[in-house]
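Notes follow once the structure below has been shown.
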């Protein structure tokens, strides 16, 4: 598709879709809790829809109400064997978390994914789950999908140190541990998003957290809840970037989640000199309205324990860096290479073709700014975040046309992205 270029200014107020990470977990915990769960603000992107369909296939009643999703929870022991493989689509979160949950069930199931998901390593979950006594098998050394999860009613607790900073791996272990007799202890390499831990407590479960160590005793029973999901900071990130780099822009993003494990982007914006302010802070659901306006930015270094707190925002941070004076260094971000695509290479290719001075490294990128961007024919590589980054980059293009192949990938997390762009466009 052809992308809009030559933006004069983006102005207005916008409410971004519900948080994708929290939406997945809300559906999962609603299904395994006892009683009814009502979810407001759920993201209805393709990834979350895959999770919903998986639980329907496992016998859970899920239906739409006027402004909510209602789940009639069946408890851990109420899931039924699926009559067909569970299709996770493009969703690594769905596959990894469901593998942990289903590892303790008394039936077997096959988890499938699309071409992109079928290239993503699952050994990072099969190893700890196997230590718990689960039987899982994928393809090759990295246990690539399809993934077969064989039923195992009696898992054993483990003490496990995560070799990578991954909330998905942590969550898979926690979902298995909730069904396991005894105490499981997880030691994180770096602190990662804590939505699973928060949701366990929200549904009436118990666990203890001391620094990077999480301890949980099972088995536990969970109770259905009424949930309000804030807007996704990872989706808001693209509009925050647009507001900062498109001259004349002034945007307010309403009801954005500001869980501290996810706000690394906001710290980077402030470090780069961006004009950012918080409004209407709601501490109960950890949300706020964020206002940004066009700013003169400067290059920064991004590395270390900050990386897990902005891992999904690094593509759009790289775009910000192309419009910042000086050099930006992104380090310790090798996890980007095993996302929906190799995001280090994809970001470097797309922005490089558009004229950016950007270089890929083994674990990150080096970006020198400020550089003008020009038209190019590029692809999302099937990655929604690459697609949205490109659409924001195109706004700065004064010469040439930007064409984007496989733009449908954006439906994964933000079905109304281009509609929202039109709402903010000012000639």
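Note: Cβ is positioned from N, Cα and C throughout, glycine not excepted.
Noted in Swiss-Prot for the protein shown:
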BINDING   20, 92, 120, 168, 343, 385  phosphoenolpyruvate binding site
BINDING   20, 21, 25, 166, 168, 312, 339  3-phosphoshikimate binding site
ACT_SITE  312  active site, proton acceptor
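Here the features listed in Swiss-Prot are placed on the structure.
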{"residue": "20", "record": "phosphoenolpyruvate binding site", "DSSP class": "helix"}
{"residue": "92", "record": "phosphoenolpyruvate binding site", "DSSP class": "helix"}
{"residue": "120", "record": "phosphoenolpyruvate binding site", "DSSP class": "coil"}
{"residue": "166", "record": "3-phosphoshikimate binding site", "DSSP class": "coil"}
{"residue": "312", "record": "3-phosphoshikimate binding site", "DSSP class": "helix"}
{"residue": "339", "record": "3-phosphoshikimate binding site", "DSSP class": "coil"}
{"residue": "385", "record": "phosphoenolpyruvate binding site", "DSSP class": "helix"}
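Shown are the binding-site residues 21, 166, 168; the one with the most C-beta atoms within 10 angstroms of its own C-beta is 21. Ranking the binding-site residues 20, 339, 343, 385 by how many Cβ atoms sit within 10 Å of each one's Cβ puts 385 at the top. Sorting the binding-site residues 25, 92, 120, 312 by the number of other Cβ atoms within 10 Å puts 25 first.
Considering only the binding-site residues 21, 25, 166, 312, 339, residue 385 (phosphoenolpyruvate binding site) has 312 as its nearest partner by CA-CA distance. For the binding-site residues 166, 312, 339, a Cα to Cα distance of within 10 angstroms from residue 120 (phosphoenolpyruvate binding site) holds for 339. Checked against residue 25 (3-phosphoshikimate binding site) by C-alpha proximity, the binding-site residues 92, 168, 343 yield 168 as the nearest. Reported as a whole number, the C-alpha separation between residue 92 (phosphoenolpyruvate binding site) and residue 166 (3-phosphoshikimate binding site) equals 12 Å.
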